[in-house]
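What TrEMBL records for this protein:
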- B:Lys226: active site, proton donor (ACT_SITE)
- B:Glu211: L-homoserine binding site (BINDING)
- B:12-146: domain 'Aspartate/homoserine dehydrogenase NAD-binding' (DOMAIN)
- B:154-357: domain 'Homoserine dehydrogenase catalytic' (DOMAIN)
- B:6-27: transmembrane segment (TRANSMEM)
Number of protein chains: 2
Amino acid sequence: MAPKQVNIAIIGTGGVGSVFVSQLAWLSKNSPSTRLSLCYIAMIDKALYHQDYSEINIDTAVSTLESTGSPPPKLSEIVEYLACAPHKVVLVDNTSASSLAEAYPEFLKRGISVITPNKKAFSGSYELWQDIFSSAKSGGSMVFHESSVGAGMPIISTIKELVQTGDDVTRIEGVFSGTMSFLFNSFAPTSGSGGKWSDNVKKAKELGFTEPDPRDDLNGLDVARKLTILGRLAGLPIESPSSFPVQSLIPDELKDVANGDEFLSKLHDYDNQMEAQKIAAQKEGKVIRFVGSIEMATKEVKVGLERFDPMHPIATLKGSDNIISFYTKRYGDMPLTIRGAGAGGDVTAMGVTGDLLKILAQLR
Amino acid sequence: MAPKQVNIAIIGTGGVGSVFVSQLAWLSKNSPSTRLSLCYIAMIDKALYHQDYSEINIDTAVSTLESTGSPPPKLSEIVEYLACAPHKVVLVDNTSASSLAEAYPEFLKRGISVITPNKKAFSGSYELWQDIFSSAKSGGSMVFHESSVGAGMPIISTIKELVQTGDDVTRIEGVFSGTMSFLFNSFAPTSGSGGKWSDNVKKAKELGFTEPDPRDDLNGLDVARKLTILGRLAGLPIESPSSFPVQSLIPDELKDVANGDEFLSKLHDYDNQMEAQKIAAQKEGKVIRFVGSIEMATKEVKVGLERFDPMHPIATLKGSDNIISFYTKRYGDMPLTIRGAGAGGDVTAMGVTGDLLKILAQLR
């Protein structure tokens, strides 16, 4: 049997994108039943492709793109180019761009499958969410986004399978942010003192666990986006990540300071706010953690600080690990829990590569 | 588009099988894109099928089988019958029979896909393992067995994806038996006394957490079978579950007593053996747990008692939960860990139903 051929298009060659390209190179050498033919690769200001769809060498794609890429075409032109490719096409969006996310329906309608770690499309408006899945249906294409929650861990696939096999998800709870995990595991450890809040934030930034401006982590929006995705997959028509309570850990007075450096230099003036939360929990024999939760029966979705017994799996989390628990009718009182790295180029790219394998298995 | 049609054959209508049939009934009403046509259902001494493959009503299949079933045909006749079915066929083996497991290659070669929670085929001889996967390849059929390890939890799919995306699994460790989990969580709790070993075994049996003869759990073979499967998926050509060290918790003197009742009545005479293990661990500030582990670098596979710090996720396990950790190159020092119910009809059947969904998505 001649190997199946699939055209691959990649947008984004940053932390996740560049690792994905190397995993794709590995896969193309280790997946003899499918020929993976790269026909488009682009970064923010450059694109590499040929009008005759001739194959781009995956091993050298990123360096060739950097040295010989031309300004990228408009999105509508990319759709048109890929829709006319000789084989089925998988578009890999390794950016975090909203503009590209909003164009997924255009690609999907034209039969172009999409895989991505980009949360934007699935945590944007509910209308876009519906549009994405109806477009995939009408276009006979597929869309997978395992790495949009928990990076390469099997979170999206698990909740989908619970729902599709007829289980009732009753509650979802977890630590969805590697940054928040690291901050509270060190600030409020199950034993010993955790030091000052602002010192922990500074340390997290130094170690590369925060965004350039730590407020982009502390505002809780990243967690809210992930909960939006899981809630929708569980069956709740959540309108947007701002349609439920999200606790921000940014002091009101520092919301509008000019940049991350100024924020960090002033944060210690507000350490007493977080310290008070930690001490109040300690008086109950508990520790604080920044969690997201969904109660399906009451449709209550929330993000913020909660108190946990020191032996609770959420309290004993280590490093920057994520933990996500699914409470369901079939699993009863003891949830199905998945724990591990929820961020990082290697594991995020692996989730995308795993999605590609699912598509390859299903493509006709 | 006319719905795709698939023929389903089910063997086994016990604890898992009967729940699977009800999940299949739910699926057939909630999966409009595929028509699931049941053409064969059998239990140990009865079978129900029609020579013209006319559809068996799923809702009433088990009761009709019980009331009107005839003696089952020979395995070779079942293969022939299913190979000539009008649509693609998925055989669901919900038994724990070796005889059926050994016949998988015959089904797979004829294009009949197999899904099963039955560990026997995948933990039998390495020759059978190879025969199963080469038969599926030559027959253009598929074989899935998610529930053979950890019931409905995504264990098999996760290790497959780790391997297929090019990660290096370095170590697998976990509590793979609900019975052993319950026994040690209660006998050697992280705080408080756990009472006598024999009392815990009796309690576990009363609660239905053991096989009719508890020696079938205490011999460690169930865990050895699961490790054999995971080790093979990770790339080790493990010859059989008896080709590596497996610690049995059956006192030598009770190996050959006539039955489970006699075993239980005499077990208290040997409580000092397990008590000594527990106390030795306590002196190190640790607790004992019955775990299985695979070290990929040294190819060391073993099953038996190990000591854990009371804060270790394996030590803090509750009830009869399983926990399985994958250490890999990409995940680094902190493993990807999955925890939850690893036994029970509902969650085991769900793993089988999930496998069916994977096949339906991939069938051409």
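Every residue gets a Cβ built from N, Cα and C, even glycine.
Owing to the predicted nature of the structure, the values given are computational and were not obtained by experimental measurement.
Here the domain 'Aspartate/homoserine dehydrogenase NAD-binding' (B:12-146) is broken down by DSSP into helix, strand and coil counts: 59 helix, 24 strand, 52 coil.
Summary for the recorded positions B:Glu211, B:Lys226: the Cβ-based neighbour count within 10 Å is maximal at B:Lys226. The CA atom of the residue listed as 'L-homoserine binding site' is located 17 Å away from the CA atom of B:Lys226 (active site, proton donor). Mean pLDDT for the domain 'Homoserine dehydrogenase catalytic' (B:154-357) in the predicted structure: 96.
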